[in-house]
Amino acid sequence: MKGKETMSKQNEKLVVGKLGSSYGIRGWLKVFSYTDNPESIFDYSPWYIDQKGEWVEYKVEGWKRHNKGWVVKLQGLDVREDAHLLTNFEIAIDPASLPELSEDEFYWRELFGMQVVTTNGYDLGVVTDMMETGSNDVLVVKANLKDAFGQKERLIPFLEEQVIKVVDRQAQRIEVDWDPAF
């Protein structure tokens, strides 16, 4: 099995899917995409596969639809046995390969770690996760240890103008119109 150019896992990568079991005898693998449009995972190249704490670069040689999913051929994997060794490994990409967004659009990963404060200056905590609910995205905010309202976590809808007043990338801060007791 030949991987290209290894790099330390600490280099930021964005996980976009997972490799499944091997398919056929020529080194193909099933792919499970985490992207909104599953086929868009193939828009990004190279892919990085986590191998023992290192990101190993692989180029996508080919891909095709198979039943209700996808299969992929990675460069350097030519036999089933080599492909089998990558079963259940995560697929990541370089975040720099993502399309640039307008000033008022955000990737979820940009919001993680941002401080959340009310319009009155009350510190609600830090964004630790995001949830997709269908109608709108929701910020998962871990409250400060000494939260005056005894909250450990808050779920705040990401509704621009209504709830989200300002997202300041520079200051790593989100200002919200939200009742701290809720």
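Heads up, the Cβ atoms here are built off N, Cα and C, so glycines get one too.
The domain 'PRC barrel' annotation in Swiss-Prot covers 103-182.
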Rounded mean pLDDT for the residues that make up the domain 'PRC barrel' (103-182): 92
DSSP residue counts for the domain 'PRC barrel' (103-182), split into helix, strand and coil: 4 helix, 35 strand, 41 coil
